[in-house]
Amino acid sequence: MRSVVVPATCTTPTHITVRTDITLLLQPDRMKSLDEAPGSKTFSEHNNWDQENQSAASHNTSLLLGDPWTPCRRSRATVKEWLLKLRCCLGTVCGMEWYCYAALGILTAILSFLMDLSVTKLLRAHQWLYIKLEGNSLLQFFCWTLYPACLCAVSSSFSHNICPFSTGSGIPELRTMLAGIEMPQYLSLTNMFTKYLGLICTLSAGSTVYLGKVGPFVHLSTMVGAYLSNLCNLIQVNEKEKAAGEMLVVAAAVGVASCFGAPITGVLFSVELMCSHFAVRHYCPCFFSAACGALTFRLFSVWSGDRETPQALFKTNFPNALPFYPLEILPFAFLGLLCGAVCCCYLFCHRWILRFTKTNPIFIKMLTTEKGLYSGTVAFFLACLTFPYSVGQYMVSQYTMKQLLTSLLDNRQWSSQSHNASVQLGSEPLLEWSSPGSPFYFSLVVFLLMKMWMLVLACTLPLPAGYVMPVFIYGAALGRLLGEGVAGLTSGQQWASINPVNPGGYALAGAAAFCGAVTHTLSPALMAIELTGQFSHAVPILLATLLANAVSRSGDRQSFYDAISISKRLPHLPSLMKVYPRLPSTPVGQVLGALSVQLKKAAGPVEMQHAVNTSTDTQIPVVDSHESQIILGVVLRSELLMFLRHCKTETLEKHLDEVCCIYPTSVLLSPHNTVQEAYSFLSLIGAQTLLVADRGRLVGVITWPQMKRILEDLTKEI
């Protein structure tokens with residue numbers, strides 16, 4: 001008989017202890033003692049990998065061959081045996097989770113490429129139909145307006161009827177989930193299918209609706225990561241189970257990397273925007289998976305014929321000898337301040353429209369019951385404004401989102417080319433931005449004024465949509481306008497004739513600064529560099545982004561995603577703190593509910609059964625007695641289930657401290673601790689349960705569902 005080693009923190013069992021291994025859950029008769037704390041590997045988990053896989057293969061073969069009702073018994077047994085051998089071979093190279101990280105990057109890149117391919121086909125179909133109707137202005141008007149209106153109506157109706165959780169960006173919900181709040185409806189397979197098709201319809205509406213791809217695709221990537229995480233946990237039957245949130249953190253980085261082929265930006269985006277507490281162990285998986293996704297995306301671009309080599313997504317021709325003059329740092333700094341000021345105006349309008357749609361009865365009714373009609377109406381209205389024979393001729397409405405950004409990043413000075421007719425004829429971006437009878441300055445100003453409120457209105461559409469790329473392009477237009485002004489002021493200088501000022505550099509810095517100010521992040525600065533490959537402008541881009549963030553964050557203002565989280569009343573404490581200052585300082589004792597389940601150390605099988613039936617928590621608190629309420633620790637629910645299952649076959653009248661280990665708690669809160677401290681402990685250490693004790697007496701328990709309820713109750717006054 002094997003001797004049992006019991007840790008000092010456990011009460012010594014006299015008859016049986018329970019182990020939390022998945023093998024014992026499947027085979028209750030094989031019960032062994034616990035040699036370590038919960039979550040650590042036991043003695044049986046250190047057996048040789050090859051021996052376990054060979055025994056499992058032979059066991060599966062014998063089971064299949066012994067069942068006469070199983071079709072193709074021998075073939076299925078052979079396939080399963082070879083799969084186990086393949087898992088053994090792959091496991092000797094590296095952990096199985098790394099194959100899941102690589103699969104996540106590759107699958108997400110394939111989905112991104114297929115989405116771009118579908119959107120390109122639909123946009124070309126719209127453009128072809130519009131050109132074929134040339135000569136008939138009325139038919140062209142209906143083609144221009146009804147096409148995006150129908151696509152937006154289909155996207156909204158499809159999302160609303162199949163899965164209402166698929167609308168919007170998805171990033172505010174992801175931030176809430178990565179903080180520890182469980183929201184499984186946002187990671188369902190139905191949501192992924194609905195959001196993917198709905199996003200294709202939204203992007204196919206083109207620059208008329210002026211919406212992007214990044215946010216929803218990050219959400220799609222996390223859905224893929226959630227299913228791969230479940231698959232990885234099934235494969236790793238002999239390994240310590242990974243935290244479910246780790247794959248979601250990696251997936252957030254892969255989503256951005258697969259959109260633009262920018263792996264470093266994806267990791268920085270995941271660090272800044274998605275995670276309240278980014279663990280160091282996430283860096284290597286994030287970079288590895290993001291690199292796989294970015295490489296796959298760029299290779300698909302080469303194989304499809306769009307590019308000759310895996311290069312930057314937006315090709316630029318900035319001069320490398322003298323990219324900018326030292327004194328140009330001042331205009332770049334002014335550009336950052338300007339982007340921050342314009343961003344404050346944009347975020348104010350965005351918060352106002354969110355409040356208006358929540359209080360106006362007409363908007364409430366349409367956004368509740370007539371989402372498809374509302375989306376189609378708004379898209380039709382925006383398309384009427386962008387019609388090329390109306391205001392659209394001053395907004396370059398015939399350009400797609402990608403063409404808009406490419407034209408704004410042109411390194412040539414439009415102000416100098418407009419005076420040379422021969423050069424003007426060869427300058428395609430200048431021809432598009434210079435409408436008949438008006439200079440390009442007028443088109444840039446009209447574009448900035450119109451797109452400001454049009455984007456705010458488009459943000460109310462109940463369909464899958466992203467908002468990073470639209471504000472990125474808007475910032476590029478703002479930087480282009482300032483860059484052309486600087487180029488015009490220095491056109492008479494002798495030094496400027498040798499190395500003229502590059503307005504495209506200002507457009508790139510403006511894009512990063514405005515996007516960073518809207519989202520309160522610095523990752524757009526790196527995204528601008530990776531998208532274009534222009535590392536020569538890294539310093540002015542970073543300077544402009546920092547200054548824009550400083551202006552946008554002043555006064556504890558909300559970011560774009562914070563405003564959405566507050567509008568949806570999501571239990572995300574960092575966002576709620578900006579609108580509800582007393583929320584983080586609220587003592588835990590004021591919001592604790594009644595203690596539902598607890599066990600005393602002398603509890604018998606009847607009390608254990610009652611606790612298991614009335615509680616779904618993985619850990620149940622144990623006290624010395626119900627009278628004293630002195631906290632001793634926690635007992636695992638899995639151990640109670642194993643003991644109760646054993647009691648069904650054999651009558652055992654044992655107490656809790658005799659049959660199960662009582663584990664001490666790593667963190668014990670006081671009723672005087674604040675909600676912010678409890679929230680930080682839950683998210684930082686990844687705990688599911690925190691005990692609250694007053695001078696050693698148990699007064700309550702805080703779990704993630706309870707924390708969600710606490711935050712929702714405290715924000716009802718917002």
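From the backbone N, Cα and C atoms, a Cβ is placed for every residue, glycine too.
Just so you know, TrEMBL annotations are computer predictions that nobody has curated.
Positions annotated as transmembrane segment by TrEMBL: 98-117, 138-158, 193-211, 248-271, 283-304, 324-349, 372-391.
Using a cut-off of 8 Å between Cβ atoms, the transmembrane segment (248-271) and the transmembrane segment (193-211) share fewer than three residue pairs, counting only pairs 6 or more apart in sequence.
With pairs at least 6 apart in sequence, the transmembrane segment (193-211) and the transmembrane segment (372-391) have 3 or more Cβ pairs within the 8 Å limit; the two touch. Counted as Cβ pairs under 8 Å, contacts with the transmembrane segment (193-211) are highest for 138-158 among 98-117, 138-158, 283-304. Packing against the transmembrane segment (283-304) from elsewhere in the chain are residues 97-98, 101-102, 104-106, 108-110, 112-113, 117, 246, 249-251, 253-254, 256-264, 266-267, 270, 310-311: each is 6 or more residues past its ends and has a CB under 8 Å from a CB in it.
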